[in-house]
Amino acid sequence: MARQQLQVLDALDVAKTQWYHFTAIVIAGMGFFTDAYDLFCVSLVTKLLGRIYYTHPGAVKPGTLPPNVAAAVNGVAFCGTLSGQLFFGWLGDKLGRKRVYGMTLLLMVICSVGSGLSFGSRPQAVIATLCFFRFWLGFGIGGDYPLSATIMSEYANKRTRGAFIAAVFAMQGFGILAGGMVAIIISASFKSAFPAPAYQDNAAASTVPQADYVWRLIVVFGAIPAALTYYWRMKMPETARYTALVAKNAKQAASDMSRVLQVEIEAEQDKVDAAAETEGANFGLFSKQFLRRHGLHLLGTTTTWFLLDIAFYSQNLFQKDIFSSIGWIPPAKTMNALDEVFRIARAQTLIALCSTVPGYWFTVAFIDRIGRFAIQLMGFFFMTVFMFALAIPYDHWTHKDNRIGFVVMYSLTFFFANFGPNATTFVVPAEIFPARLRSTCHGISAAAGKAGAIVGAFGFLYAAQPKDPTKRDAGYPAGIGVKYSLILLGCVNALGMIFTFLVPESKGKSLEEISQEN
C-alpha cells in the first residue's frame with residue numbers, strides 16, 4: 001500500500017455498526033451453524049448405527065461400531081475439512097472471496113442430503129456411502145473457515161471487528177445446540193410412536209426397524225439452514241480489500257462500498273497503482289520477506305489452533321463416553337435404541353446450553369475490550385486447571401454423589417475453551433496477514449487445527465479405553481483410561497499457553513496497519 005490509507009478502506013474502518021454488519025454475520029454464520037451441526041450430530045448417531053448394523057444375536061451388550069468403522073465415520077469429515085481449508089483458502093486469494101463462497105455452501109447442502117440417503121442396507125454399503133458424502137461435506141465445511149473469517153474481517157470496522165468475526169464463529173454454538181434439539185425431538189417422536197423394550201429384556205425388539213430413519217433424518221436436517229442462506233451469499237458484493245488491494249480495481253471497490261455504506265467514496269486508482277509498483281509490496285507466501293515479517297505469526301496461529309483442537313475435539317466427540325463412564329447415562333443394555341439417542345442428545349444439549357453457547361458470546365462481548373491475547377491466554381490457563389482438577393482425583397468424581405460436580409467442572413472446561421482459544425484462534429489469522437495471503441494463511445492455520453482434531457478424535461478413542469477387558473468396547477486394545485487421557489489433555493493445553501506468546505495483539509488496529517501493508 002501507499003503511505004496513506006485508501007478512502008474506501010478508511011470508510012470501512014470507521015463505519016458505525018450498521019444493518020449490513022448484522023446481515024453479514026448471519027450470512028457467514030449460517031455456514032458455521034451447519035458446520036457445527038454436521039460435525040457434531042455424527043457423535044449422536046454413532047451409538048445408533050452400532051445398534052442397527054453391528055449387534056450380534058445373543059450378545060450381552062448392544063452392538064457398537066468396530067474401531068476402524070468408528071474412526072472412519074468420525075474422522076473422514078475432518079480429513080475433508082482439512083483438505084477444504086487448504087484448497088479454498090488458497091482459491092479465496094486467487095479468485096476472490098465471493099466467487100468461491102457459493103461453492104462451499106452448495107457442496108454442504110448436496111452432501112448433507114447424500115449422507116442421510118446412504119445407499120443399500122448392508123453395513124458395508126451404508127458406512128461406505130456415509131463416509132464418502134461426509135468427506136465431501138467436510139471439504140465444503142473446510143472452505144467456509146477461511147472465507148467466512150476473511151470476508152467478515154474485511155467488511156468490519158476496526159472498533160468492533162473482533163466481536164463480528166467471533167459472532168460468526170459463535171453460530172457454531174447454536175449449531176451444536178440445534179443438533180442436540182433435533183435429535184431429542186426426532187428420537188422422542190419415534191420413541192412414542194414405536195415403543196420398544198430395553199435391550200436386556202428383549203435384544204431383538206429393542207431396536208425397532210424405524211430407528212434407521214432416525215439417524216438419517218438427524219443428518220439430513222443439516223442441509224436446511226445452508227440452503228436458506230445460499231441466495232444471500234450470492235448477493236453479497238466482493239470485499240473492498242480484495243477488489244482494491246489484490247485485484248487492483250479501486251473504482252469497483254469504491255462503487256461496491258458506496259452502495260453498502262450509502263456514502264460517496266472516491267476511487268483513488270492512482271494510489272492503488274503506486275502501491276503495486278512499490279518494491280517488495282508483492283512478496284509471496286514462500287518468500288524470505290514473508291518469513292521475516294509473518295513467519296512467527298503463522299507458527300503461532302498454527303500451533304495454538306493445533307493444540308487447542310486436540311483437547312477440544314477429543315472432549316466434544318466423546319462426551320457420550322464420558323457421560324456413560326461417570327454413570328450420567330445408564331448402561332446401554334438397560335435402554336432401547338431410541339432411548340439411548342434421546343439421553344445422549346439431552347446430555348449434550350444441556351452441556352451446550354450451560355457452557356458452550358455462553359462461552360462463545362462472552363468472547364463476542366469482551367474480545368474488543370480486553371483483547372485477543374488476554375482471552376486466549378486465560379482460556380488455555382483455565383482449561384489446563386480444570387482438566388487437571390478432573391483428572392487427578394478422577395476416582396472421586398465417579399462416585400454417584402459427586403457426578404454433578406464432575407459435570408460442572410467438565411462444563412467449565414468447555415466454557416473456557418469457547419471464552420478463550422476456540423474463538424480467538426479463528427479470529428486472529430483473519431486479521432494479521434496481508435490481504436493477498438489472508439485467506440491462504442487462515443486456511444493453513446485452520447488446517448493445522450483440524451490436524452489436531454484428527455489427533456484428538458482418533459487418539460482419545462483408543463487412549464480412553466480402560467485396562468479392564470470387561471469394561472472395554474469390543475475390538476479395542478487396552479488404553480490408558482479416561483483419567484490419564486485427561487492428564488495428557490491438560491498438558492496439551494499448557495503447551496497452548498506457551499505458544500500463545502507468538503501471536504500479536506490486533507485489537508483496535510486497521511487490517512493494513514497490523515499486516516504492515518500501508
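Any Cβ shown, glycine's included, is placed from N, Cα and C.
TrEMBL lists 20-49 (among others) with the feature transmembrane segment.
Among the features that TrEMBL reports, domain 'Major facilitator superfamily (MFS) profile' is placed at 24-508.
The transmembrane segment annotation in TrEMBL covers 69-88 (among others).
For 100-119 (among others), the entry in TrEMBL reads transmembrane segment.
What TrEMBL lists as transmembrane segment is 125-142 (among others).
Within its own chain, the transmembrane segment (163-190) is flanked in space by residues 21, 24-25, 28-30, 32-38, 40-41, 44-45, 148-149, 152-153, 155-156, 208, 210-211, 213-214, 217-218, 221, 225, 338-339, 341-342, 344-346, 348-349, 352-353, 356-357, 359-361, 363-365, 367-368, 418, 422-424, 426-427, 430-431, which lie at least six positions past its ends and keep a Cβ under 8 Å from the stretch. If you look up TrEMBL, you'll see 163-190 (among others) marked as transmembrane segment.
The transmembrane segment feature in TrEMBL is assigned to 213-232 (among others).
Beyond its flanks by at least six residues, the transmembrane segment (350-367) meets 162-163, 166-167, 169-170, 172-174, 176-177, 180, 319, 375, 407, 410-412, 414-420, 422-424, 427, 507 of its own chain at Cβ-Cβ distances under 8 Å. For 350-367 (among others), the entry in TrEMBL reads transmembrane segment.
Within the chain, the transmembrane segment (373-392) has long-range Cβ neighbours (under 8 A, six or more residues past its boundaries) at 304, 308, 311, 363, 366-367, 406, 409-410, 412-413, 416-417, 419-425, 428, 483-484, 486-487, 489-490, 493-494, 496-497, 500, 503-505. Taken from TrEMBL, the feature transmembrane segment applies to 373-392 (among others).
Look at TrEMBL and you will find 404-423 (among others) tagged as transmembrane segment. Same-chain residues lying 6 or more positions outside the transmembrane segment (404-423) and placing a CB less than 8 Å from one of its CB atoms are 166, 169-170, 173, 304-305, 308, 311-312, 315, 322, 326, 328, 351, 354-356, 358-360, 362-364, 366-367, 375-376, 378-380, 382-383, 386-387, 389-390, 397-398, 496, 500.
Within its own chain, the transmembrane segment (443-463) has Cβ neighbours under 8 Å at 67, 70-71, 74-75, 78-79, 81-82, 85-90, 92, 142, 145-146, 298, 301-303, 305-314, 317-318, 425-426, 429, 476-477, 479-480, 484-485, 488, counting only residues six or more beyond its boundaries. The transmembrane segment feature in TrEMBL is assigned to 443-463 (among others).
The transmembrane segment annotation in TrEMBL covers 484-503 (among others).
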By Cβ distance under 8 Å, which residues at least 6 away from the ends of the transmembrane segment (484-503) in the same chain are close to it?
296-297, 299-301, 303-304, 307-308, 310-311, 314-315, 372-373, 376-377, 380-381, 383-384, 387-388, 390-392, 394, 421, 428, 432, 460, 463-464
Who are the chain neighbours of the transmembrane segment (100-119) in space, where the CB to CB distance is under 8 Å and they lie at least 6 residues beyond its ends?
31, 34-35, 38, 84, 88, 91-92, 125-127, 129-130, 132-134, 136-137, 139-144, 147, 151, 215-220, 222-223, 226-227, 229-230, 233-234, 236
